[in-house]
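Q: Provided herewith is a single structure, encoded as structure tokens, for subsequent inquiry.
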Amino acid sequence: MSAHRDAIRTARSVVVKIGTTALTTPTGVFDTSRLQDLADAIEARMKAGSDVVIVSSGAIAAGIEPLGLTKRPTDLATKQAAASVGQVALVNTWSSAFGRYHRTVGQVLLTAHDISMRVQHTNAQRTLDRLRALHAVAIVNENDTVATNEIRFGDNDRLSALVAHLVGADALILLSDVDGLYDSDPRKGNARFIPEVDGPDDLEGVTAGRGSHLGTGGMVSKLSSALLAADAGVPVLLAAASDAAAALDGASVGTVFAPRKERMSARRFWVRYAAEASGALTLDDGAVKAVVRQRRSLLPAGITALSGRFYGGDVVELRNQDATMVARGVVAYDAAELATMLGRSTSDLPAEMRRPAVHADDLVAV
């Protein structure tokens, strides 16, 4: 067993993401028996001493039958209505499943926007931490009634990676209808299974297939989220929900994504991945080198242009002359104020404007 698999096996704090297809029949009907089986596997892991936070998809699927619909809706309003009805059924089923073990569950509805805002980010973190301290099982889902982008893309994959870092998890386990990563679509034959991803070189030549019609995620979404979590320092296991018990027990199933050696700080993770960028700064070549290679602060002299309506304390993208993002950071000035400082050396500026435009401590290269 590799060191990374062993780290997942022994992790004290685990986030388990469960996709829509893991909770439905092949025809898209919400399947309570599948959820109960997953709860049994998760209970075994918790009984062994791990804290587990569940990120559960399936609200829209769970709302189809109660609303008398014959298939998953395609229009946004009906999706949101189905999510509203289905979320009740979803959480009640989780509550019943864990009630057999005398455990209490708590519902936490989030959107990517919630996590992008620093105050909401902190509140969500505090709530999840307190639920775990009170020995309740947190059931996290995206708030589909308002999160229009999340309904269309991701199936909670990205949210699970954000939650894993939010709660300081030691491991992230992604469970769906795929048993791991392949170098091409396994449904077409001749695909090579990839048991472990240690870095970008292992993904050379990999082509991700499309997702299932029952959910909104796909291999592209799962791969992106796994790499996000791994880059932040969290080991990831991608496995089939049918292998949930084995995956949670540390068996050699699925694909493991090795984490970076040093875990990213909460603030740097928020700047890099969670925060929404409010604008962009275009840098000259010298500033790009200073920011990316030398990890130095960005001075107004190195900025050639800006865009967006941002204020001091907002996160902005830093771009090179080809408009490629090279870093993200927390800007110190409002857009209107910074516009008067572009290209000017620090010595030419008034004393109150001699702070860096973006301090090195608030910069994350991408």
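The backbone N, Cα and C atoms fix where each Cβ goes, and this holds for glycine too.
Below are the features I grabbed from Swiss-Prot:
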| type | residues | note |
| --- | --- | --- |
| BINDING | K17, S176, D177, T216, G217, G218, M219, V220, S221, K222 | ATP binding site |
| BINDING | S57, D144, N156 | substrate binding site |
| DOMAIN | 278-356 | domain 'PUA' |
Q: Can you break down the domain 'PUA' (278-356) into helix, strand and coil residue counts using DSSP?
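A: Taking each residue of the domain 'PUA' (278-356) in turn, the totals are 22 helix, 24 strand, 33 coil.
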Q: Which of the binding-site residues listed here (D177, M219, S221) have a Cα atom within 10 Å of the Cα of S57 (substrate binding site)?
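A: Those close enough: none at all.
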Q: Please report the three-state DSSP label of K17 (ATP binding site).
A: strand
Q: Sequence order is fine: just name those binding-site residues in K17, D177, M219, S221 with a Cα within 10 angstroms of N156 (substrate binding site).
A: K17, S221
Q: Could you give the mean pLDDT over the domain 'PUA' (278-356), rounded to a whole number?
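A: Across the domain 'PUA' (278-356), the average pLDDT comes out at 96.
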Q: Rank the binding-site residues D144, D177 by the number of other Cβ atoms within 10 Å of each Cβ, and give the residue at the low end.
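A: Across D144, D177, these binding-site residues, the one with fewest Cβ atoms within 10 Å is D177.
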Q: According to DSSP, folded down to helix, strand and coil, what is D144 (substrate binding site)?
A: coil
Q: If you measure every Cα to Cα distance among S57, D144, N156, the residues said to bind substrate, what is the biggest one in Å?
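A: This binding site's residues have a maximal Cα-Cα distance of 10 Å.
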Q: What's the most sparsely packed of the binding-site residues S57, N156, S221, counting other C-beta atoms within 10 A?
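A: Taking S57, N156, S221 as the binding-site residues, the minimal 10 Å Cβ count falls on S221.
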Q: So for M219 (ATP binding site), how many other CB atoms are inside 10 Å of its CB?
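A: Step by step: centre on the Cβ of M219 (ATP binding site), count other Cβ atoms within 10 Å, giving 21.
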Q: Taking the Cβ of K17 (ATP binding site) as reference, which residues of that chain separated by at least 6 in sequence fall under 8 Å from it?
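A: I54, V55, S56, S57, N156, D157, S160, L172, I173, L174, L175 - these are the non-local Cβ neighbours of K17 (ATP binding site), listed in sequence order.
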Q: According to DSSP, which of helix, strand or coil covers S221 (ATP binding site)?
A: helix
